[in-house]
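Remarks on the structure that follows.
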């Protein structure tokens, strides 16, 4: 049990972090959206960033509402928000993975025929890849939608079933949903991890070839991408730690430690959002007043 004053302090920190992330996401969407309206085209990385900005904007608002409903025991509202949070959470994971794969293909110095083939075609495929992320997300949240519907029906029953067999089946079904949601996040994480390793290998190869004294555009591109990927790796790891804490949540009061953990996790998300903004040449040019 932590003091109420400390909980309030971390709650305020979490709200400030969330509002900052919302402003950052809004800025990404507004700036890149204006650029698209003016010139009727966007750089490929900006297409991913504007999709990620929209997803993260919706995710952050849903996350705030979800956390406060959990903390204050608004169970019925929580059930309705959970499916929305799950959708934008999975979509954000897939968009982040797509961004890392794009960086890996376009920035790496590998000359393997498969890499060259992908590098030539990924620009044409990008709109379809974004649509694919959306479709995969819709499919993967179907079990969660079914589970939330059952839970809402259970909460609204005037006389809930007391049969232990029914309750056990519901508990097993929720365990299955938890595992399905974890798998839906593990797959994009593996894609992200593979892309990161390949980029690191490419950077090492470049350093060995050119020496540490040279700083060509390719090296700068590597460092920019790896800066974003390093922070994103911390975010992914932090999120999996939250899943682990949820699984062993009987050891402590999750509601008591909610704001401490959320403030910790969203500090990394804030850093990643900032890094993403700096990784876009269009955003850097406009924000620096060089448009």
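For all residues, glycine too, the Cβ spot is worked out from N, Cα and C.
Features as listed in Swiss-Prot:
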TRANSMEM  2-22  transmembrane segment
TOPO_DOM  23-41  topological domain 'Cytoplasmic'
TRANSMEM  42-62  transmembrane segment
TOPO_DOM  63-84  topological domain 'Extracellular'
CARBOHYD  80  N-linked glycosylation site
TRANSMEM  85-105  transmembrane segment
TOPO_DOM  106-125  topological domain 'Cytoplasmic'
TRANSMEM  126-146  transmembrane segment
TOPO_DOM  147-182  topological domain 'Extracellular'
CARBOHYD  163  N-linked glycosylation site
TRANSMEM  183-203  transmembrane segment
TOPO_DOM  204-228  topological domain 'Cytoplasmic'
TRANSMEM  229-249  transmembrane segment
TOPO_DOM  250-257  topological domain 'Extracellular'
TRANSMEM  258-278  transmembrane segment
TOPO_DOM  279-291  topological domain 'Cytoplasmic'
Contact call for the transmembrane segment (126-146) and the transmembrane segment (42-62): at least 3 Cβ pairs under 8 Å, seq gap 6+: yes
Per-region confidence, the topological domain 'Extracellular' (63-84) (mean pLDDT, whole number): 76
Cβ packing number for residue 80 (N-linked glycosylation site), 10 Å threshold: 14
For the transmembrane segment (42-62), distant same-chain residues with Cβ under 8 A (at least six beyond the ends): 18, 21-22, 24-26, 28-29, 32-33, 35-36, 81, 84-85, 88-89, 91-92, 95-96, 98-99, 102-103, 106, 122-123, 126-127, 130, 133, 273, 276, 279-283
Residues from the same chain, set at least six apart from the ends of the transmembrane segment (2-22), whose C-beta lies under 8 A from its own: 56-57, 60-61, 63-64, 67, 256-257, 259-260, 262-263, 266-267, 269-270, 273
